[in-house]
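Colleague: I am attaching a structure below and will ask some questions about it afterwards.
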Amino acid sequence: MRSTASIMHLDLDAFFASVEQRDKPSLRGRPVIVGGIGPRGVVATASYEARVHGVRSAMRTAEARARCPHAAFLGGRFDAYREASRLVMDRLRQESELIEPLSLDEAFVDLAAGASPTTGFDPGRVEHLVDRLRADITEITGGLTASVGVASSKLMAKIASEVNKPDGVYVIAPGTEVDVLGPMQVTAIPGVGPATAERLRRMGVLTVDDLRRQSEDELVRLLGQASGRSLHRLAVADDDRPVVASREAKSVSVEDTFEQDISDRLQLETIIERMARTVSARLRKNGLSGRTVTLKMRHHDFETHTRSSTLAHPTDNARVLADKARGLLAGEDISNGLRLLGVGVSGLADWVQDDLFADDDPDPIDDGEADDEATSSRPVRWYPGMDVHHDHHGDGWVWGSGLGRVTVRFETRWTPPGPVHTFRADDLALGAGHTGTLQS
DNA sequence: TCTGGGGTCCTAGGACCC
DNA sequence: TCTGGGGTCCTAGGACCC
């Protein structure tokens, strides 16, 4: 906790819904609900007009429809949200070189790490700074509003931004943190969710003041080392967590809830392959590779299990990921059907040692296999950035791996025209712009 | 028509090694 | 033969956040 209110938390109001209202004037002033619009969808964001009817984030869309049938239900346009977010984050970076985005619509800003190193941070000018910032954001984004909290710590800044939401500001004067925090419900503290709140309630702890009367040992017994200790400190607004500019990704995953449960193993395997390709593409886009593959399964009764397995070396290869994930599915009883399947990778490294690829990259092609008219098997020289992996091309299937030497198999009658065939990766629907040479 | 999708962090137990 | 810790890695699950 600092002696000055120099940490800002900014939160865009009803972000997804507000972007939709901005881009479609007919939605302004009307309830707008963005989220899953399928039978198993939930609400991501409800505009304030919809909140009046009791619609909330994470509510089932079916219930939202019942409460607010006249609302506009939208599936979401993430490219538009990302772009609006970028504009806002760029503006925040003008305020301070140290900003910490928490999501598309939220960030901490360390004002003391700020823009004017000569004069330093001036607490007296915070209100002015925030007014200007909020006006700029509304202008830059074409009408979005933000709520802002400023305080001496992350904890209090985040709490402060809630106070006058939407389109409001709250500054917590240094020295008053405990007075402000004390009467609040424990759930006001970020990290205290329903499960923790219920455990605390059974001890008679409802407010932060109640929490403060518990010993650290007691909280550790109840909640474990990390949560117990941290909550004991947060209860007295003791928080010195720094604003951290960028954190590296720890995992990449894709998951999907099906409209109807699926119990067909082949169908699930096909879905796994598609998901592995998506994960692979995202890894490559970010220059990452990972070692631990996780398969997530949610059964018909909502029981959720994960199975994971760790490779000897990091990979970003779709086929390696798919093979591993399929193997994890093999041991599972899916006879009653899955409602969700997910594929993820963790244990990320930011580079790939291509020599190692040969080891953890089981080649589906038997090199010694006899060629016939329909099949040819020949080595390919691969260039960095190129990628072919188990993709349908024209009337053939192309198999391959990431960097280094790979073998490509044309399972049907598509054969390269000549001894050396140059092609572009986008010919193979694998992403544009790269050129490779196929040598025979 | 109960209960999204993308993450992070923490805990706990077992294996394995020194 | 018995009795140790400590550290790290791996796996599984759970709470929480937006």
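Using N, Cα and C of the backbone, Cβ positions are placed for all residues, glycine too.
Sharing the record's features from TrEMBL:
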DOMAIN    A:7-193  domain 'UmuC'
BINDING   A:Asp11, A:Asp105  Mg(2+) binding site
SITE      A:Phe16  site 'Substrate discrimination'
ACT_SITE  A:Glu106  active site
COMPBIAS  A:359-374  compositional bias 'Acidic residues'
REGION    A:359-380  region 'Disordered'
Colleague: Using the structure shown, find which entry in A:Asp105, A:Glu106 (the recorded positions) has the sparsest Cβ neighbourhood within 10 Å.
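Modeller: Per-residue Cβ counts within 10 Å for the recorded positions A:Asp105, A:Glu106 bottom out at A:Glu106.
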Colleague: With DSSP assignments reduced to helix, strand and coil, which class does A:Asp105 (Mg(2+) binding site) get?
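Modeller: It is coil.
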Colleague: Sorted by position, what residues of the same chain at least six away from A:Phe16 (site 'Substrate discrimination') have a C-beta under 8 A from it?
Modeller: A:Val34, A:Ala44, A:Thr45, A:Gly76, A:Tyr81
Colleague: Hey, does DSSP put A:Asp11 (Mg(2+) binding site) in a helix, a strand, or just coil?
Modeller: strand
